[in-house]
């Protein structure tokens, strides 16, 4: 006979930060009676999810990948942004054997070096300083054909902020005497992660064949034309940039292609379309034989050389629960499924023993402000069912709404998103009460609490560095000050009466009262 579990649930409200200023604060203006009541009745605090507290540079806003790695590992994990930047500063980047080889291979084959990535100072998926270092390195090693395929941001940066980056790289190539920007496209197309292959196919054609919806002789002109079409950076249509002779750049046999994004989730689809022989997401007109390199590891099943190998995280929360013989459930919508699985498990793709996973498809809408509740009702239906089954010791759920709708910059939609999540939390807490379970409610980073950029007046679509909530719905207790995301896993194990592995350098921040 199976013993009924008393589950401990962790609810991660993605993009849900705390900001005292009510101005353009969707969370403040949302009607959230459930969270208001929980904050009034149960121990709660604010914890850090950004900067040095999550292994990022001081002041750098947090993000979903970083947040989930820190939560799941129970330690501060120094992130790829910091790691690559340090390698550049100390001269190790130019000596990276994987990068050197792929440049040299292209030169020997009389081929071109293509560099693609999110051209942005946002620091969430990439950093333009890394891309600049790569361009300089390619020219320094003797590449005569260097092409930059620029994915534009407008999501982790202001919606119309790419002009400075494009102008800078135009000047950079002039100074270097080699290379140019070969294409421009919004991340909406090139960095999809929801199997919208019709989007990715446009980026693929642009990079491999130089075929875009539009063609210009200058990248800044391409951007300004996009703005005149009312396309913000994120949504800039595929635009090829021609050389002085009016020629576009294409990806040919013998060329090298270096992907400079360090974050995996939005890099996987375009990568698979380029390198997988059995790819069937869309019809590929050409499949050139190239040297393809990723900056970091994107997935275990992506067989491409990587410039920076992942550090192995052992005794994460998932692995520890496995070793204790505990059962666990990971559940979210498509948009955040990788975060509660791959990233939460420290970059491990396969589930641990006793770990079940449920993915609820995110709604097929162009942007999530069109359906701010997303599929939170269906997600909660499955979550409540799992809790009431008394099958799991630990349940980990991510509600994507605050982040995904916050990124649209639509204030009214973000308010509705927060209200939808609040209603779902009420159902989850009620289900836990039926089985004598407990709950921790937190967030991975901020977003929806600031919907307008105070300095520019533009929509604020990026994350923030605000503190995030931490609520314990359970026994009589108090919460210590100064918590951070890496304290959550040790706290969960302590609440379960289990030892905390030595590798978890976070601390338990809940003191249970006798």
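Cβ from N, Cα, C; glycine included.
These come from Swiss-Prot:
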type	residues	note
BINDING	14, 64, 444, 445	Mn(2+) 2 binding site
ACT_SITE	64	active site, phosphoserine intermediate
BINDING	125, 155, 156, 187, 193, 263, 264, 265, 266, 336	substrate binding site
BINDING	403, 407, 463	Mn(2+) 1 binding site
*Hey, of the binding-site residues listed (14, 156, 403, 444), which one tops the CB count within 10 A?*
444
*Site extent for substrate (largest Cα pair distance over 125, 155, 156, 187, 193, 263, 264, 265, 266, 336, Å)*: 17
*Three-state secondary structure, residue 445 (Mn(2+) 2 binding site) (per DSSP)*: coil
_Give me the count of other Cβ atoms within 10 A of the Cβ belonging to residue 64 (Mn(2+) 2 binding site)._
28
*Pairwise CA distance, residue 193 (substrate binding site) versus residue 14 (Mn(2+) 2 binding site), rounded so that it is a whole Å*: 17
*Residue among binding-site residues 14, 64, 403 with Cα closest to the Cα of residue 266 (substrate binding site)*: 64
*Listed in sequence order, residues with CB under 8 A of residue 463 (Mn(2+) 1 binding site) and six or more positions away*: 15, 50, 61, 62, 63, 124, 156, 403, 445, 446, 447
*asked:* Under 8 Å between C-beta atoms and at least six apart in sequence, can you list the same-chain neighbours of residue 264 (substrate binding site), or say none if there are none?
replied: 65, 296, 297, 298, 299, 338, 342, 347
_Length of the line joining the Cα atoms of residue 407 (Mn(2+) 1 binding site) and residue 64 (Mn(2+) 2 binding site), in Å_ = 13
*Give the distance between the Cα atoms of residue 125 (substrate binding site) and residue 64 (Mn(2+) 2 binding site), rounded to the nearest whole Å.*
10
*Return the single residue from the binding-site residues list (407, 445) that has the minimum number of other CB atoms within 10 Å.*
407
